[in-house]
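The block underneath contains the structure these notes are about, expressed in structure tokens.
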Amino acid sequence: MNDLTKFTNQIAKPETFDQIQIGLASPERIRSWSFGEIKKPETINYRTFKPERDGLFCARIFGPVKDYECLCGKYKRMKYKGVVCEKCGVEVTVTKVRRERMGHIELAAPVAHIWFLKSLPSRIGLLLDMQLKQLERILYFESYVVIEPGLTPLEKYQLLTEDELLDAQDEYGEDAFSAGIGAEAVKHMLMNLDLVQEKEDLLQELATTKSELKPKKIIKRLKVVESFIDSGNRPEWMILDVVPVIPPELRPLVPLDGGRFATSDLNDLYRRVINRNNRLKRLIELRAPDIIVRNEKRMLQEAVDALFDNGRRGRVITGANKRPLKSLSDMLKGKQGRFRQNLLGKRVDYSGRSVIVTGPELKLHQCGLPKKMALELFKPFIYARLDAKGLSMTLKQAKKWVEKERKEVWDILDEVIREHPVMLNRAPTLHRLGIQAFEPVLIEGKAIQLHPLVCSAFNADFDGDQMAVHVPLSLEAQLEARVLMMSTNNILSPANGKPIIVPSQDMVLGIYYLSMDRAGEPGEGMMLADMAEVHQALEAKAVTLHSKIVARVPQTDEDGNQYLKRFETTPGRMLIGECLPKSHKVPFEIVNRLLTKKEIGDVIDQVYRHTGQKDTVLFADAIMALGFRHAFKAGISFGKDDMIIPDSKDALVAETKELVADYEQQYQDGLITQQEKYNKVIDAWSRCGDQVANAMMEELKSSPIDPETGRQKPINAIYMMSHSGARGSPAQMKQLAGMRGLMAKPSGEIIETPIISNFKEGLTVLEYFNSTHGARKGLADTALKTANSGYLTRRLVDVSQDCVVIEEDCGTERALEMRAIVQGGSTIASLGERILGRTLAEDLIEAKSGEVIAQKGELLDEAAIAKIEAAGVQSARIRSPLVCEATQGVCGKCYGRDLARGTPVNIGEAVGVIAAQSIGEPGTQLTMRTFHIGGAAQVNEQSHLEAISDGTVQYRDIPTITDKRGRRLSLARNGEIVVIDTEGRERAIHRVPYGTHLLHENGAIISQGDRLAEWDPFTTPVITEKPGIVRYQDLVDGKTLTEQTDEATGMSSRVVTENRAAGRGKKEDLRPRLTLLDENSGEAARYMMAPGTTLSVEDGQQVEAGDILARASREAAKTRDITGGLPRVAELFEARKPKDNSIIAKIAGRIEFVRDYKAKRKIAIIPEEGEPVEYLVPKSRVIDVQEGDYVKKGDNLISGSPDPHDILEVMGVEALAEYLVAEIQEVYRLQGVKINDKHIEVIVRQMLQKVEITNGGDTTLLPGEQVDLEEMLETNGKLEEGQQPAEGKPVLLGITKASLQTRSFISAASFQETTRVLTQAAVEGKKDSLIGLKENVIVGRLIPAGTGAGMNRMRVAASSRDAALRASYRKLQESLIAPATAAEEHAAELAQGPEAAIGDDPLATVEGETHGTDADAGDYLIEGDEA
């Protein structure tokens, strides 16, 4: 019976294996897979369409073409199953075997496998320690190689040309040494390798080597050698003797009409291999001349190369139509390859798509499904229901009824659809809210109706968007759709925890209109008793929606009782108040104000937090209906006269024009440079544009009292739309009624002449032309942006996909310090915002009273945050995914709150993917451009600081000096001025440049608006710290010093220049500097002068402390492009080194200038104790420190954007995380996108998974190699007591690199560089234990996240239970063999516990960890044993 059910060798179910291993196939293995050798290149007979025998489609090898029928037709039907026909040799079985049976080709000469030869680094090359060039010369028959030199002076593996070989044979005799050519020679060389010996030699060499670069190469070779030893692969398997042939159904040949065939490219490639192989066999049999055989062998090698990876070496082999043939590698690679096309994304049944239209009368959980569509999608359910009701006898009849659409069918469709959710999806699905479940409502027509509130989640609009419908079939799928994916369960956005179901556009406008109050409306000051009176008064027109009235509004107290409370309000706001849920947590106050889109979002947020999901959904639906209704009733519209151009515009423009003319004159007079003029002009115009815009806004905002009626004039409609957040923005209004402002050239620079007109006035021809650049660039950008953003998301998902919450608490002691982000003068993100929804790592104690505000391990919710903010806490230590010590994934405590639910995160939540989606989804809103900032445009704004609040001022790390005028000057390079308000909170942190004039004492009390500091924005001074006499050193006129006279003012100044001696002779080593002599003529201080510095003192001048010796121009340091938008985010996540990166001090110590080279100078930091650290700095860069300065660890020696790798090395993981989070948030903040920090932290955690071994200890790990942190810990765990563990330092990998280095090779191969990943994995014999999400999708399992994680746990438990049962059955059988006596049985009954009597299954509580074996079952059988 068993044989009957097992038709064919059935494919293993995806649940039945735990790991997938990849390795090299030995020739024996390939032959064992094969069902026969393919000897002929023929495919099928073009007349009979029957496969040729021994050809590529041979039925004898691969199986029958028709089910249960041999080729010649002698045996037909099931009864001959398994018979092999003696005439045609075909086994009678199902055709499906043609999809799984393989064949092989026996090669007449071995060939090298191109993956192991050409995929960098070449594995064969590394093993033999030869260059790829040399290997290719051997393999493609260009030169001989010495395999065994014997006693001759030839080197082992030395290459010889034909002539050299003949000479050598003449000289030493033919048998004195062995040489070979082609793949055979390489195969010999690989077979003769003694890997274990090789490993020992390499380790020896590694220990003794002295050079810098050698160890890297040795480690590379060592890893390959070790991987061959560990994996059990043999090196000679990289050379093929047999080529496997994949099953014919996987490379089909289909006859087209007209006698032609469509075929898979693989067949062509195989045919070439077979043809050349057969020809080579014949040539060898005929004993053809060597040169001909050799040529044929080379061609065979090329044919096999093309089959495996076409185009990897030499020309691409093309088919008849000049199209490159798709080789086996191409089948896997890229978007169209097997991984991404068929395994990660499949097309599914039971789906349809149609245009969407708005469905404002739907409830939030519903969508309108066209009847026709529903009928088609739910067909099987309808058939089943028809059958169950006994309406149709047969399936055929049911089909007929459905096709005819009889009225019974529609009734049944209604029944089937009730409570059966469907999933709607809109492409592009950028985050998980792009697929949501709804209950279908049948509608006429052909378009899907979508609820307006979910549009923002789908990013849908109704201008012709289409959406797809999917039907969840199984009960579990329906359950998940209803419980997890229903639109009512997705009120909050997973990216930032704010509601995503927020009214937009018309609804916002309607609600804004309702909540306005206006002076002088009819009925102002009326007292109304309750809601009913308000409605009556509105009907009677006694009041308008905007009249200011006093009314009693029903409120709910904490016990749920209603009471009335008086409010000054308007009837419109009371209408909104009616929609609010009845709860004391959401009082009427929260809607008793002017509601813009942002405020409505806050109201929905509060309703959700305090009253729960159901009420929120009802409230959202109610407020939507209200908004639409009143937007319609208000009849808001605007005409061109609503765009009011401010009267002050002309005056402002004229004033700016004068300024610009003035700058032009200054430039002509030589007072300012071209660059400075440009910056000032741009500045002036942008200021003018802003002033015009402000004037316009003021004018639009004002709604004066109409003298005739005494009522306020209606407010400007355009202003209403913009201010409420319904549509339009101040920037757009500025273009309509202000001035268009400055435009950019295609190169990105800003054109100096602005567009003065606005769209209402109309542009001049020149202005119109200037504005076309920007417009066109915008369109081109948009197209690029989508692709770039999508790619960023894909890389992020790939790096973080296996990050899942796997346990409640990992118990780590580490934590991140969080404080408010203060930039310049304002708080960008308060402490509360940053720690909301996180877990505290230690008790928060109020400084003044010492009481504990929040406990360690508490999840901070809104209430706790309010307490913390009130107490004025400065910083808090919180848990973060970055410090989590869970081995795979993260733990719930470190992650904190699940943002989309507002509850602690569940185990199994795929937080990695959510993080990737949250960062990638707003990617399309970011800009693509790099901002070009011309020098002073940013700098000259700021030449002083003002206090933003009352309080005290504190200087951190600012040494000061007082000059002879009594001014305090800062000598700090990295000092900070901190403003602390009266409650002791840090309100602002400012970094000020060197030489700043500080106006207050440290700790002085200041009031708001006081000046704190001023500085010269254009130059950096060199200040002397001691009195003395100045001497010029190496400042030679004409070489390193020039006199420059300013034509405009006639003043001359001395400028240090770079010494470019004309003579080709020995260049003098001139290091221009000033030295300061003290009273004993000893050298007191040295100041190096960078080129471009203007000297302010004479040689021999007496100076006091605090005097300025020289000024270096700051212009040069500032003109660097600021990369913004998407490219910046990608740059940070890829951990790229910035172009002009800053140099960070690795240790604390004093600075010393060591010496100058041609283009660089060497500076060193001398610590108090220990070795000095040296840096090479290009001369073109301005060095921020002077000789003798004391620097702290992590200070900038040279300004620029820091290199994240440096930050990690010098400052550690926490500082790096802080930097990356701050920089990435900065980019998103500019676009007004909110993303929670923890998402970025999850990604950064994934980038920090690897460590570089610094000390191998007693392990097999080598210093300098990169391994997973887990791997290092595992290796250390295997050590004996007293052995030294390996140590390592964390390394930062960019997201692409990190994804390619995941432990799962399946996941890495499906990401990028497929061949390289698979080659590497095969050599190492990697096992993929299917831990991440992607691998499981690829092998077709449930992912180990969400409900899948639970299923996995259950499966493990079930299998261990099965094992226990099996063992108990065995016990039972054993007891049957020797029957027990009555007395023994009686004793056994008494010995049994009371559980046995209750009938509780003692095995029901089994929870195992592994797939059970009988051995595991031991513990559960104790009760049975006692018997």
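From the backbone N, Cα and C atoms, a Cβ is placed for every residue, glycine too.
Note that this is a predicted model, so its numbers are computed, not measured.
Every protein chain considered, the tally of other Cβ atoms within 10 Å of the Cβ of CYS70 (Zn(2+) 1 binding site) stands at 25. CYS70 (Zn(2+) 1 binding site) carries neither a helix nor a strand DSSP state and counts as coil. Residues or ranges marked as Zn(2+) 1 binding site by Swiss-Prot: CYS70, CYS72, CYS85, CYS88.
Per Swiss-Prot, Mg(2+) binding site is recorded for ASP461, ASP463, ASP465, and the stated evidence type is sequence analysis. If you take the C-beta of ASP461 (Mg(2+) binding site) and look for same-chain residues 6 or more apart in sequence within under 8 angstroms, you find CYS455. When secondary structure is read from DSSP and collapsed to three states, ASP461 (Mg(2+) binding site) falls in the coil class.
Of all Cβ atoms in the protein chains displayed, 31 besides its own lie within 10 Å of the Cβ of CYS894 (Zn(2+) 2 binding site). Mapped onto three states, the DSSP output places CYS894 (Zn(2+) 2 binding site) in helix. According to Swiss-Prot, the feature Zn(2+) 2 binding site maps to CYS810, CYS884, CYS891, CYS894, an assignment based on sequence analysis.
Taken from Swiss-Prot, the feature region 'Disordered' covers 1044-1065 (among others).
The region 'Disordered' annotation in Swiss-Prot covers 1394-1427 (among others).
Calculated from their C-alpha atoms, the gap between ASP465 (Mg(2+) binding site) and CYS894 (Zn(2+) 2 binding site) amounts to 40 Å. Geometry remark: CYS894 (Zn(2+) 2 binding site) versus CYS70 (Zn(2+) 1 binding site), CA distance 64 Å. Within 8 Å of the Cβ centroid of the Zn(2+) 2 site, not counting the listed residues CYS810, CYS884, CYS891, CYS894, the chain contributes GLU807, ASP809, THR812, ARG879, PRO881, VAL883, GLU885, ALA886, VAL890, GLY892, LYS893, TYR895. Surrounding the centroid of the Cβ atoms of CYS70, CYS72, CYS85, CYS88, where the record places Zn(2+) 1, the chain contributes additional residues within 8 Å, namely LEU71, GLY73, LYS74, TYR75, GLU86, LYS87, GLY89, VAL90.
Among the binding-site residues listed (CYS70, CYS72, CYS88, CYS810), CYS810 has its Cα nearest to the Cα of ASP463 (Mg(2+) binding site).
The candidate set comprises the binding-site residues ASP463, ASP465. Of these, ASP465 has the most other Cβ atoms within 10 Å. For CYS70 (Zn(2+) 1 binding site), the nearest neighbour among the listed binding-site residues (CYS810, CYS884, CYS891), judged by C-alpha distance, is CYS891. Across the binding-site residues listed here (CYS72, CYS85, CYS88, CYS884, CYS891), the residue whose Cβ sits among the most other Cβ atoms within 10 Å is CYS884. CYS72 (Zn(2+) 1 binding site) sits 68 Å from CYS810 (Zn(2+) 2 binding site), taking the Cα positions as reference. Recorded residues CYS891 (Zn(2+) 2 binding site) and CYS88 (Zn(2+) 1 binding site) have their alpha carbons 63 Å apart, per Cα-Cα distance. Listed in sequence order, the residues of the same chain lying 6 or more apart from CYS810 (Zn(2+) 2 binding site) and placing their CB within less than 8 Å of its CB are CYS884, GLU885, ALA886, VAL890, CYS891, LYS893, CYS894. In sequence order, ILE356, ALA460, PHE462, GLY464 are the same-chain residues whose CB sits within 8 A of the CB centroid of ASP461, ASP463, ASP465, the residues recorded for Mg(2+) being left out.
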